[in-house]
């Protein structure tokens, strides 16, 4: 049974990706070096997403330290519960209430970018369109029959899907370019949350490759020295 559970957990990301292989995904082009974008992502996520979705494997203090947000700014701008800065980033709605309102508890999003991929997250946030047949009045091109409202509608406007499949947006506080950047900012924050040490890991990888290259040279010269008498 234990081996079966491990196999199922291992296959989950693959199955999730396979389920959306036929969907066109736009490139997110996230830059984790852009700390300003990451802070904007924190801001947008906390204001528009954190009411229902948590990032419960991430801590406020760690986010502030990594992105370069002062402790005071984190408390005053991005924390909307009575949690302490060292605590995990939980959502504000009790699970039993969210399950009653939405039919299921909204998923935690700490690892969504790692499971689905950054392009999927970016395309999903851009994929909402008006659909009166749905409970919340919207559907999604990436996730059909989506069970949540379009929480960024006041920023994007109302997306209406035309007969030819194109989506026309009316209203909204942001123009198309600004909205794309806002979605990219949120995606960047979720990519960071999925693996906070990603930049350090990649930097360390170059050092490891450099060490292996030098080691290969030393090992080759040592091998030649050992075998010169044999030949």
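Glycine too: its Cβ is placed from the backbone N, Cα and C atoms.
Keep in mind that TrEMBL annotations are predicted by a computer and have not been checked by a curator.
Keep in mind the model is a prediction, meaning the values are calculated, not measured.
Features as listed in TrEMBL:
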- 49, 52, 53: heme c binding site (BINDING)
- 36-190: domain 'Cytochrome c' (DOMAIN)
- 1-18: signal peptide (SIGNAL)
- 204-222: transmembrane segment (TRANSMEM)
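In sequence order, 91, 106, 107, 108, 109 are the residues of the chain that are 6 or more apart from residue 53 (heme c binding site) and have a CB within less than 8 Å of its CB. Summarising the environment of residue 49 (heme c binding site), the number of other Cβ atoms within 10 Å of its Cβ, over all protein chains shown, is 20.
Around residue 52 (heme c binding site), the C-beta neighbours below 8 angstroms that are at least 6 residues distant in the chain are 91, 93, 98, 102, 106, 148. Apart from 49, 52, 53, the residues listed for heme c, the same chain places the Cβ atoms of 45, 48, 50, 51, 54, 91, 106, 109, 151 within 8 Å of the centroid of those Cβ atoms. Secondary structure at residue 52 (heme c binding site), as computed by DSSP, is coil.
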